[in-house]
Amino acid sequence: MGRGARVPSEAPGAGVERRWLGAALVALCLLPALVLLARLGAPAVPAWSAAQGDVAALGLSAVPPTRVPGPLAPRRRRYTLTPARLRWDHFNLTYRILSFPRNLLSPRETRRALAAAFRMWSDVSPFSFREVAPEQPSDLRIGFYPINHTDCLVSALHHCFDGPTGELAHAFFPPHGGIHFDDSEYWVLGPTRYSWKKGVWLTDLVHVAAHEIGHALGLMHSQHGRALMHLNATLRGWKALSQDELWGLHRLYGCLDRLFVCASWARRGFCDARRRLMKRLCPSSCDFCYEFPFPTVATTPPPPRTKTRLVPEGRNVTFRCGQKILHKKGKVYWYKDQEPLEFSYPGYLALGEAHLSIIANAVNEGTYTCVVRRQQRVLTTYSWRVRVRG
């Protein structure tokens, strides 16, 4: 994840990048942006767990605050799922912290920040998260790493970090579970802001961690401007989970009630009287799961022909599109099985301006299509069907 508007190499789950930052931030022309960033941010969602045995402690007379916005008017889908809809097969996830940041934050503060980020998701979903010792097995593995870390030098689709003021973090889609933070950054508890004294950006760990956790759960970037999973969430400062993320989780994991008393509460009229609480705990009983009509997948012109490629498992495959017509100022759009591909996903595929590279495996099997458009006119279309040979 990063602060810039650049398309990221989303970790095998994802990451956001900031490219417009650098050493020249002392320029006075950036003062308005710095003042804006200094005002961004909000405290993390308070811890609150609704276990089956804690019903009496919920205190329905006082509705706990929630970050979920009210109902929205019907609109088009803005969240994005992974092309293969990768997801976890259980909701009780464990995580371990393999390394801590070397700048500013202590291990204790780091644990507090990560716990707050996990609560943002557990408070609005069936997921629960529990930290385990570093030597124990876990679903999620979190670490703060230097530029060259793990297998980034030998993996074609897992990129290395780029030092300060570049990529902040990246995460891997399920079931990999890796969440990597750039140890060159200056992580803090509190809003992202620029430090004139240190001459560096101080980055809100809770905010970035919550974004990367969304990727680790299977969500890609949202097109909703105020979504936590938006590409520029760090720059814009939106720290609350939007309805977009909840709809994405519902489509990926199903719309589930979190308490066994939800049906009873719904019959007593709590769906209207305690709408926010019920939307968080009892979306199925109150029929809050899908409040707008889900569209069909993005339409793509049928390619005149589709080439089938049988590829050995593990091989890197590259498709090239529109090389001869780029001078006509056309824009290239990529699709997998008719679902639009907007970003790179390290560990799965790398998306360039006019080329697409994938690692041949069971997840990446399917039909890839590129469409070159100039405004509303389609200039050309190519399609490849990939089958993996074991």
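Positions of Cβ are set from backbone N, Cα and C atoms, glycine also.
What you see is a predicted model, and the numbers here were worked out from it, not measured in a lab.
Annotated topological domain 'Cytoplasmic' per Swiss-Prot: 1-19, in sequence order, evidence recorded as sequence analysis.
What Swiss-Prot records for 20-40 is transmembrane segment, and it gives sequence analysis as the kind of evidence.
Residues or ranges marked as N-linked glycosylation site by Swiss-Prot: Asn92 (among others). Cβ neighbours within 10 Å of Asn92 (N-linked glycosylation site), excluding its own Cβ and spanning all shown chains: 11.
In the three-state DSSP scheme, Asn148 (N-linked glycosylation site) falls into the coil class. Around Asn148 (N-linked glycosylation site), the C-beta neighbours below 8 angstroms that are at least 6 residues distant in the chain are Cys160. Residues or ranges marked as N-linked glycosylation site by Swiss-Prot: Asn148 (among others).
Among the features that Swiss-Prot reports, active site is placed at Glu212, with the record citing sequence analysis. A helical conformation is recorded for Glu212 (active site) in the three-state DSSP classification.
Packing around Asn232 (N-linked glycosylation site) is summarised by its Cβ count: 19 other Cβ atoms lie within 10 angstroms of its Cβ, all protein chains included. Look at Swiss-Prot and you will find Asn232 (among others) tagged as N-linked glycosylation site, backed by sequence analysis.
Taken from Swiss-Prot, the feature domain 'ShKT' covers 255-289, and the record attributes it to sequence analysis.
In three-state terms derived from DSSP, Cys255 (disulfide bond) belongs to neither a helical nor a strand segment and is classed as coil. Taken from Swiss-Prot, the feature disulfide bond applies to Cys255-Cys289 (among others), supported by similarity to another entry.
Around Cys262 (disulfide bond), a 10 Å sphere centred on its CB holds 20 further CB atoms from the protein chains shown. What Swiss-Prot lists as disulfide bond is Cys262-Cys282 (among others).
Its Cβ taken as reference, Cys271 (disulfide bond) is surrounded by 20 other Cβ atoms within 10 Å in the chains shown. According to Swiss-Prot, the disulfide bond annotation covers Cys271-Cys286 (among others).
Per Swiss-Prot, the feature domain 'Ig-like C2-type' maps to 295-380.
The annotation N-linked glycosylation site is assigned in Swiss-Prot to Asn316 (among others). Around the Cβ of Asn316 (N-linked glycosylation site), 12 further Cβ atoms fall within 10 Å across all displayed protein chains. For the recorded site, Asn316 (N-linked glycosylation site), the DSSP three-state label reads strand.
The disulfide bond annotation in Swiss-Prot covers Cys321-Cys370 (among others). Taken residue by residue with DSSP, Cys370 (disulfide bond) is part of a strand. Cβ neighbours within 10 Å of Cys370 (disulfide bond), excluding its own Cβ and spanning all shown chains: 23.
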Quiz item: Whose Cβ, among the disulfide-bonded residues Cys255, Cys286, Cys289, has more other Cβ atoms within 10 Å than any of the rest?
Solution: Cys286
Quiz item: Roughly how many angstrom lie between the C-alpha atoms of Cys289 (disulfide bond) and Cys282 (disulfide bond)?
Solution: 9
Quiz prompt | Cα separation, Asn92 (N-linked glycosylation site) to Asn232 (N-linked glycosylation site) (Å, whole number) | solution = 29
Quiz prompt | Rounded mean pLDDT for the residues that make up the domain 'Ig-like C2-type' (295-380) | solution = 74
Quiz prompt | Cys282 (disulfide bond) CB neighbourhood, other CB atoms within 10 A | solution = 24
Quiz item: Long-range same-chain neighbours of Cys321 (disulfide bond), Cβ under 8 Å, sequence gap at least 6?
Solution: Val332, Trp334, Ala354, His355, Leu356, Cys370, Val372, Thr380, Tyr382
Self-check item: Candidates Asn92, Glu212, Cys262, Cys271, Cys286, namely the recorded positions, that fall within 10 Å of Cys255 (disulfide bond) by Cα distance
Solution: none
